[in-house]
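Read the structure below first, then the notes.
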Amino acid sequence: MSYKCSRCKRDVQLDEYGGVRCPYCGHRVLLKERSRDVKEVDVN
Amino acid sequence: MSAEYDVEFVEREDRDARFLVQGITPAFANGIRRAMLADVPTMAIDTVRFVENSSVMFDEQLALRLGLVPLTTPPVGEFVEDDTVTLSIDVEGPATAYSGDLVSSDDLVQPADENVPIIDLKDGQRLEAEADAVLDRGKDHAKHQGGVAVGYRHLQRVAAVEDLPEFEEPDRRIVRGVIEEDGELVPTSEFDHDLSNRYPGQEVTLEDVPNSFVFHVETDGSFSVEELVTRAADTIESRATELENAVQL
């Protein structure tokens, strides 16, 4: 789950062949989702 | 420094106090003030691990806000530098995340105030994070300042010298701090900081009392004023001892 189609709001996995395109609706605008891992931040 | 000195409280609350110290040098008064600002260790959040942050703010901005939340500091000896206390927060929108939502793993280290807003969360937004608080000094980061708004003024002695000529319009005479009036301490706020209110129609003289300082001390809630002042004095003492040992061969 690394991208989300901006038109149909479905999760999209990109591979090296498909190019930047939603496999469900063909929309070319994809949004990158925040990664699931815990992010450590220093306060300064 | 001379051994004889005298302390008298003018106003005294838990987080806010005003007291008169007599018989200390200006250098020592300033040393105490600086120690209260920079040398008394307090707890503050230093690292934050974000599990989820779908709020409108960046992790770094929220981390800074969490760092600035005043935490109660445990008594001396309970903690040493580099010890950490973990606090966690988990708030789901629509709601505002407050400092009171921080759950601490140690009863001695709690948010000093419950009502410091951290972020406003809208519907569907969520903040879940874990934070480590450490003990450090104001020198290293302002979030570790236990004393906020710390300062001192000379005690001022007021004496009425003569009556003003009749029909003369009295001038305002603004003074701030604490005045001494026949041995009595009077905060200037009692007469709206204007001596012409207290001595109508009289000519007054005002002079600094040498080596008498009225401190005004306010803490961020980490500890009480007494605790702050005594810890500040202790840090001066420990540094003086360190210097003494260093210069001895």
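Quick reminder: no glycine exception, Cβ is built from N, Cα and C everywhere.
Heads up, TrEMBL stuff is auto-annotated, nobody curated it.
What TrEMBL records for A:Cys8, A:Cys22, A:Cys25 is Zn(2+) binding site. Within the same chain, the residues at least 6 positions away from A:Cys22 (Zn(2+) binding site) whose Cβ sits under 8 Å from its Cβ are A:Cys5, A:Arg7, A:Cys8, A:Arg10, A:Val12, A:Arg28, A:Leu30, listed in sequence order.
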8 Å Cβ shell about A:Cys8, A:Cys22, A:Cys25 centroid, Zn(2+) site members excluded: A:Cys5, A:Arg7, A:Arg10, A:Val12, A:Pro23, A:Tyr24, A:Gly26, A:His27
